[in-house]
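Novice: To start, I am sharing the structure in question, which I have written as structure tokens.
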Amino acid sequence: MQRPYNFSAGPAAMPVEVLQQAAAEMLDWHGSGMSVMEMSHRGKEFMSIIETAEADLRELLAVPPNFRILFMQGGGLGENAIVPLNLSRGGVVDFVVTGSWSQKSFKEARKFCDPHLAASNEADCHTRLPAPGSWQLSPDAQYVHLCSNETIHGVELHELPDLKALGSNAPLVIDFSSHVASRTVDWRRVGLAFGGAQKNLGPAGVTLVVVREDLLGHALSICPSAFDYKTVADNGSMYNTPPTYGIYMAGLTFQWLKRQSEGNLRGIAAMEHRNMAKAELLYGFIDQSSFYVNKVATDCRSRMNVPFFLRDESRNEAFLAGAKAAGLLQLKGHKSVGGMRASLYNAMPLEGVQALVAYMRDFEQKLA
Ligand SMILES: *Cc1c(COP(=O)(O)O)cnc(C)c1O
């Protein structure tokens, strides 16, 4: 059976092998007689699942020992409150707004601290990134927030900024929800990274936080205990019941990632290589076409989320219906941008992008 290719921006497609393994283990995990959903989170079975998941993720993303890995809940939007509750000390925080998600983070932070807009690409309709040299960073900022991949606008930072070189001593906070595990991370430039799992790691319900140890323990007194990073870290992500099944599924995805290779490349490096090839194929096709267009500046185009438009938008419905019939699902663009969006997360094979390009070419030729 050939499954359709699913281009959803999130919750998104997961590797078929992961889904098959979960199905096989559904009623009886490793001879325990229980589904993972039915286990105590403090029992030895689940403890081994979460410890393996954390160790695998640390290895995959090359997370240094002075960073803690937390499995939390509340999603990316929850973190828009949880990060300022933990890191802002009620003071000044700099925001670089590059699209809808960082805009949301900036607005939410007003409830907890004094957010400053250091840079924005709103005047460019979020299609190009403000050069780091032009950011107006505050001398007293508690941290600098940016979204390293804007899922809706399809804008990705291909190099994290070196804040020290820009004259700031503040830690960098990144929302990497929609490109975590698609590429390597330069942890020397990061203080905290967060992301919901449902784009590239597993099912919705798990929020990943990777935080440098020195940033723990500064939460505002109004911060809920279950969202205090230090409390969560001190309790091994088990202060309250964690999203056990989601952590298990993310863990299976980490094992799948560890098995991936491209030539000499393994794990995340192999995925990055594959993701670049997938993105090049789709952008290359769009750019040579006079029928389709992508409006994002070439140096900051996302490898994960490719928004594109039919120049004749009256064809949108026919395009989507034909795509569905051809086994290409969830290509409709976000309502705030319109047009189409193809999300090419790790679970999307190159063959899926080849099938999409073949369909797009065919659709264009039929109308010519
Ligand atoms: C999806 C997404 C979010 C929101 O995540 P929720 O889990 O819905 O709260 C935040 N930031 C980015 C970059 C996203 O892609």
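Glycine is treated like the rest: Cβ placed from N, Cα and C.
A quick note: this is a predicted structure, and the numbers were derived from the prediction, not measured.
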Novice: TrEMBL records TRP101, ASP175, GLN198, ASN240, THR241 as pyridoxal 5'-phosphate-binding residues. Which of THR151, THR184, THR207, THR253 is assigned to the same site?
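Specialist: The candidate from THR151, THR184, THR207, THR253 that TrEMBL ties to pyridoxal 5'-phosphate along with TRP101, ASP175, GLN198, ASN240, THR241 is THR151.
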Novice: Pop the Cα-Cα gap between ARG42 (L-glutamate binding site) and THR151 (pyridoxal 5'-phosphate binding site) into the table, whole Å please.
Specialist: 35
Novice: Just checking: which of TRP101, ASP175, GLN198, LYS199, THR241 have a Cα that is within 10 Å of the Cα of ARG42 (L-glutamate binding site), counting only these recorded positions?
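Specialist: The recorded positions close to ARG42 (L-glutamate binding site) (Cα within 10 Å), listed in sequence order, are THR241.
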Novice: Should THR241 (pyridoxal 5'-phosphate binding site) be counted as helix, strand, or coil on the basis of DSSP?
Specialist: coil
Novice: If you check the binding-site residues ARG42, ASN240, THR241 one by one, which have a CB less than 6 Å away from any atom of ligand 1?
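Specialist: Near the molecule: none at all.
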Novice: Give the residue from the recorded positions ARG42, LYS199 that has the most other Cβ atoms within 10 Å of its Cβ, counting over every protein chain displayed.
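Specialist: Neighbour-count leader: LYS199.
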